[in-house]
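One structure below.
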Amino acid sequence: MRLTIVSVGHKMPDWVATATIEIKEIKPDLTLAKEAVKIAAAIPKGSRVIALDERGKDQTTQNLATQLASWRQEGFDITFLIGGADGLDPSLKTTAQAIWRLSSLTLPHAMARVLLVEQLYRAWTILQGHPYHRE
């Protein structure tokens, strides 16, 4: 199972680079529709797509861990999409298998990246029985 995070944005502060590894940089000076073309091209073939949007479905860390276990067992690769300042183009949301939100708050996309990576790590530690996550 591979997890891919596709995100748009300007050069991130150093703390973002410390928390994440940039897989592919997408230029931020494009319109929403042009961003959608670039984002769609960055999605690995056959990958299930989860769009992150402030109006998406709430998730819990435990639910994420359960979902990761299911995807791993089924052999699915997953791509998480994080939009720029204007969010994601509607075409990306309609083609996504799910739309999730990380918070009821509106988050800057740099913070959303870090939060997503931390939650993926936390969910993974739950599956491994590691004591990082505490109820």
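Glycine is treated like the rest: Cβ placed from N, Cα and C.
Between the candidates L3, L52, Swiss-Prot assigns the S-adenosyl-L-methionine site shared with G83, L102, S103, S104, L105, T106, L107 to L52. Following the DSSP three-state reduction, the secondary structure of S103 (S-adenosyl-L-methionine binding site) is coil.
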